[in-house]
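**Student:** First the structure, then my questions, so here it is.
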Amino acid sequence: MLDTGELRERFQQHYGIHPHVIVRAPGRVNLIGEHTDYNDGFVFPVAIDRATCVAARPRTDRIVRVMAADLHDEDLFSIDQIERSNRAWHNYIRGVVLALRTAGHTLSGADMLIASDVPRGAGLSSSAALEVAVAYTFQVLNRLNILGEELALLAQGAENTFVGVQCGIMDQLIAVFGRADHALLIDCRDLTYRAVPLPPSVAVVVCDSHIARTLAASAYNQRRQECDAAVRALQQWYPGIRALRDVSEDQLAAHQHELPEPLRARARHVVSENRRALQGAAALEAGDIATFGRLMNESHASLRDDYQVSLPDIDFLVTTAQSLAGCYGSRLTGAGFGGCTVSLVERSSVETFRHDLAQAYHDATGRTATIYVCRASDGVGRVMDNARPQE
């Protein structure tokens, strides 16, 4: 957990004055429903207790100054002249400010200091946490009236258009609407959601493989293009469909031999994953943890074989986790090509599970995994207001 008191003091040291506000936006781990959000589908994430915090004060001019405490790097730009930077982290912030300006919001400049304990490049949505935290900070400093849904869409738009990653809406929505001790079943078409309590007897265990992947440079955008191509191909038989979310498994099976690879496999994953997300949420609501775990295992097999976003070392982590006592299910989480796995584990077995998984991974690969239990947390909000902690 980030120490907001320390963040306040670091802001004071850097800018010579205390911050007006400190905002926190969480990372996320998706329990099931992977690569479905940009297909108008269903996802089932939790906001986690790792977050990005922004300490900030308003300025009287139109200049934005940003210090990234973790990177020991700075950015400075004018709200009136926002251009792309050759520093990747700059563009997430600049893109959000540009999105707010383009939406017609009146903005003043700001001095900001940013810190995060969401691992970068691990698939826990460090980028969305940053985008949402920055957007919410500007909302607070400028007394804007932006609904949570609009805030998430602005943040997503910044990543799509300014950063150049065609992400879906899940990461930004869970960063905004996350609820402590709950997962959210989100409909990524109409942006409605339902909070589902997490059973207290199980723990959400995340394993960071330390196989880093840069989302913008990966095959993520290619997968999205393949899904769009699959929709266009299926529209010759089903002209009413707008996205793979509209296709049933029976409809896909009826024309699977007429759909070329890899489009057939990509569509098969998305269509079946939507079913698994809905069934998984219903299973947890009913207290059927075993069924949820089985669906997690099926999800990973689909990501590995049909969506082809896993790697051999990730598969090793997943199959090892699935074999350990107390583990109900395990899968790749996030965009893939490295990053993290998520497992649902009986609380009484967590410490043995962590030790055995870390040991097996190190023995097999020589790498040291970081394994931690995630607590489902609330979405974006203020943790300090006018330099005072929130009650």
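Quick reminder: no glycine exception, Cβ is built from N, Cα and C everywhere.
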**Student:** Given that Swiss-Prot lists GLU34, HIS35, THR36, ASP37 as binding substrate, which residue among TYR193, TYR220, TYR238, TYR328 does it place in the same site?
**Tutor:** TYR220
**Student:** Give the sequence-ordered set of same-chain residues, not counting GLU34, HIS35, THR36, ASP37, TYR220, with Cβ within 8 Å of the centre of the Cβ atoms defining the substrate site.
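**Tutor:** The answer, listed by sequence position, is GLY33, TYR38, ASN39, GLY41, VAL43, GLY168, MET170, ARG223, VAL270, GLU273, ALA335.
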**Student:** When you rank LEU124, SER125, SER127, GLU159 by Cα distance to ASP171 (active site, proton acceptor), which of the binding-site residues ends up on top as the closest?
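**Tutor:** The answer is SER125.
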**Student:** Compare all C-alpha positions of GLU34, HIS35, THR36, ASP37, TYR220, the record's substrate binders, and send over the largest distance in angstrom.
**Tutor:** 13
**Student:** Quiz question: given the binding-site residues GLU34, ASP37, which has the greatest number of C-beta atoms lying within 10 angstroms of its own C-beta?
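**Tutor:** For the binding-site residues GLU34, ASP37, the Cβ with the most other Cβ atoms within 10 Å is GLU34.
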**Student:** Which of THR36, SER127, GLU159, ASP171, TYR220 has the fewest nearby Cβ atoms, counting only those within 10 Å, among these recorded positions?
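**Tutor:** Each of the recorded positions THR36, SER127, GLU159, ASP171, TYR220 was scored by Cβ atoms within 10 Å; lowest is TYR220.
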**Student:** Compute the C-alpha separation of THR36 (substrate binding site) from LEU124 (ATP binding site), stating it in Å without decimals.
**Tutor:** 16
**Student:** Would you mind ranking the binding-site residues SER125, SER126 by how many other Cβ atoms sit within 10 Å of each Cβ and giving me the lowest?
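**Tutor:** Comparing Cβ neighbour counts within 10 Å for the binding-site residues SER125, SER126 gives SER126.
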